[in-house]
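Note sheet for the following structure.
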Amino acid sequence: MNPVQQPAQQRSPASSLPHPKRAQEAPDMALYCDNFMYPQQSLHPSQRGPNFAIGEYTSPANPYLWLGGHGVNNAPNYSPSPAPYMPPSFGAPQRQFLPNSPAFGGTELSWMSAASQEELLKMVRPPYSYSALIAMAIQHASDRRLTLSQIYQYVAENFPFYKKSKAGWQNSIRHNLSLNDCFKKVPRDENDPGKGNYWTLDPNCEKMFDNGNFRRKRKPKSDANSAKIAKIGEDHLNPKGKESPPMITPSSPEEPSPTGHSKSPSPPAVTYTPCLTNFIGSMTAVDAATANRQGPLGLLNELSQRNISSLSSFISGSAVDQSAEHPDTSLFYNRSPYYSSFPTTAQKQPQFLQQPPLYQGRY
């Protein structure tokens, strides 16, 4: 730092005279960061010691704790009076903040010098929920029960933060008492005069309160929900109890047969729809039309006679059995066949089905 220039009229005549500088001399003005030394006036070499070491300065009785230094030193052997621009309270003893106490872990907060321990408690909100404060107050009571006003009193006395505004946190405490299942209301006895009921802590919830951490007890589920969940679990464990619906169902519901004799039920896969019955009937009509004709397709006629005749015999037997189930199936047999009889002569293919000739033009 540059030395502070002093006015000419404040200097003594002896200090205004030029003196030769020596290598071992200390500078006229210096600032020691460790000791917060303020600049001093220039003195004659005969008035100061030959060497000034830092260890020679005495430390004050009450240091500045947040810097860990030696504090401001107003050594009378170095300067008879402080500089006029320094405030008189700069080197005044400071009050130590937060004495050693196990609650704050020794001098962890000793670097703060703005307020005392009580002022800190008023500024900082306690790290406890309202339910924890209520449980703490009830546990500290002699008979483990307190009224609402006694809970207010305990919170305000032990936590000065809540002394500032009482309306807000008192409403929160009332809501926690009424909504939390761990707090039980106990009516007053007849011989106990006073106003208001007592509040106590549920014995099942006492273990849940541990060092200010209060976990709210959940309400048990209703019996209906538990029974429903148990039923769903049984259904998943025993899937064989349920019967799966058949993969193939008949086209129409089965009705009791008018005939007295009993018959064996047919499997679902053999049930025929009206569309299939109509198709087989049309094929039977085609077989009847081609049986009286002679054409070049002899092998085809023979195969068709064999296959369709067997189908017709099977249909004739099944149609009698299904006459009661499908009374309108005769309409399908009376219809004209979908396909006409096989042609006796070969027909010419349409032009769009014929293979196109190769392109004979020039490329």
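Here the Cβ of each residue, glycine as well, is placed from N, Cα and C on the backbone.
Check Swiss-Prot against the ranges 44-63, 84-103, 304-323, 344-363 and you find region 'Disordered' recorded for 344-363. In the predicted model, the DNA-binding region (125-219) has a mean pLDDT of 83.
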